[in-house]
Amino acid sequence: MSATTDQAVSATTKTLAAAAPVAGRRPRWTRGRIAMLALASVLALVWVLPLLYALATSLKPMGEEVETPLTWIGSTLTLDAYDKVWAAGDIPRWMFNTAYISVMTTLLTVVLCAMAAYGFARTDFKGRKVLYGLVLAGIMVPPQVLMAPLFAEMTALGLVDTYWGVILPQVAVPAMVFILVKFFEGVPRELEEAAFCDGAGRWRVFWTIVMPLSRPVLAAVAIFTFISTWNNFLWPFLVTTDPNGMTLPVGLVNVQSTYGVRYSQVMASLVIAGLPLLIVFALFQRQIVRGVAHTGLAGQ
Amino acid sequence: MTATAPATPSAAAAPPADSAPAARGIRRPWTEHGLTFTAPFLLMYALFLLWPVVLGLKMSLGDDNITGSGGEFVGFDNYAEALTDPGMWDALWNTVWFTVLSTVPLVLCGLVFALLAHGLRFVDWLWRLSWFAPFLLPSGIVGLLWLWIIYPAEFGFADQLLATFGLEPGIGWLSDERYAMLSIVGTTVWWTVGFNFLLYLAALQSIPQHLYEAAELDGATAWQRLRHVTLPMLRRTTLVVVVLQLLASLKVFDQIYIMTQGGPDDATRPILLYVYQEGFTGYRIGYASAVSYIFFALIVLVSLVQLRLARRSREENSR
């Protein structure tokens, strides 16, 4: 028993050791690399299996998903569950709400934070340092601890059960201003100065020189904002009570607690809800990884 | 766009020393519009972050109802009650316990996955897609998926998998106090490891190649290259990943609300769920706010420790 454990441990260490890459060329298929491939494949399978199981469940005829013994494929493959989910009408509505809220939040967050970061990094005005310090302190405030006062505020403003009630509290993200200030500080001033000489104003310089230069970092920031808004649960859950205004995550949980779960349909909606983001990531994964490196979040 | 396009090449050509004072002399562009750029953000920041912080503090000193009005000032009564409330301490302990249990595997798996994907240089897209995909799913849906996998006794996927391996099915994944928190941790690791994986992957890709070439010339084995080049170069990344993970784990709510509602017997109830239950279903918003602020103090503490550590590591680097 202990011998096999030892072997497993030494195989793993060797595997990890082989992970240190060698310049430029693709390594040969040594024994260590084959062991790495095996380990990676097993781990990838563990991560993908639940998703495949969801897909398989969603394609089963009604009722068969709870039969034992478990089978991957039911008596027939059917899109019944998808039909029912779609016909029930709420899910398309919730998807629209989620998409609308996520797009608006992402746009506002990126524009507001980029403008503010440019202001803090590149302009001089009275109180700039104090205000920037105040913004940095906000990084420590998790929005979740503010749920009670924010809800009271939203009630007072009459924004409960509106799109803006979900969107507005999510758009001022101090951490993002910090990331972008650090990035803008690294952009050489000469580019902007030349444009000033040619008579361009601040706004023009910002939109036509600084923003295009920052595309990779802005893309990374936008993608993570989009993902986290799309998936946000607690705040939309608190601030929407009307089923018509719910986002997809909130709506699904709400249905489940009210009517109980029909799993093939829930899994069908999981596939529907997960697919858009999966496709986006599959197409842009290389750029996303590179963008993350640009944010400085990776600590380099 | 067309007007400024020629400006870019001229920047490279003209010496900046000439152009800068001239521009400043005519119309000091660097001091223009500072507030215009920052004002929209500052307005939102004041309305939806600063003001709620102040309002919450005021609410925690009163016995307000859910709309935040009509309450009476009660001083520090709410805080005194919270600090002697076993429910609050249990919830705080559950939160810390979850944070410890989840941070270790989330950081280690993120690192190992990144080393594997980066080291293999083979079907990169497959690894990135499989480990990051769950992170793209909404928490509500992740919760329901894992409920479907582990919860239904006997016909659930997890129980049937156990049975296949000859193990006894029907362990209470979520109903047994001993396993409920571990099930939540497992779900969380599966769901969010992709983010740490991506941070480590980006960091690995920006380690300069010449370090490896030099190590190889010195005859370093693969293991030595990992031990003496890769891991030291990842130190700062690890600090960032650990802190982000601690802060994220402390804020756990969604998956627990969906999978156990804090049960069995409050064994998985985190502090934010306690705040929600007291404030939004128990209508004791003043008390809930006080509990929030105690939690807030914990977060600030973690952040300050991180700042301290970051400063120290920066000093070590510059030495």
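Cβ coordinates are placed from backbone N, Cα and C, and glycine is handled just like the others.
When TrEMBL is compared with the stretches B:1-23, B:231-253, B:277-299, the one noted as region 'Disordered' is B:1-23.
When Cβ-Cβ distances below 8 Å are used as the criterion, the transmembrane segment (B:285-305) is approached by residues 56-57, 59-66, 68, 71, 74, 78-79, 81-83, 88, 92, 95, 243, 246-247, 250, 271-272, 274-276, 278-279 of the same chain, each at least six residues removed from its ends. Among B:34-54, B:96-117, B:179-202, B:233-253, B:179-202 has the largest number of CB pairs under 8 A with the transmembrane segment (B:129-151).
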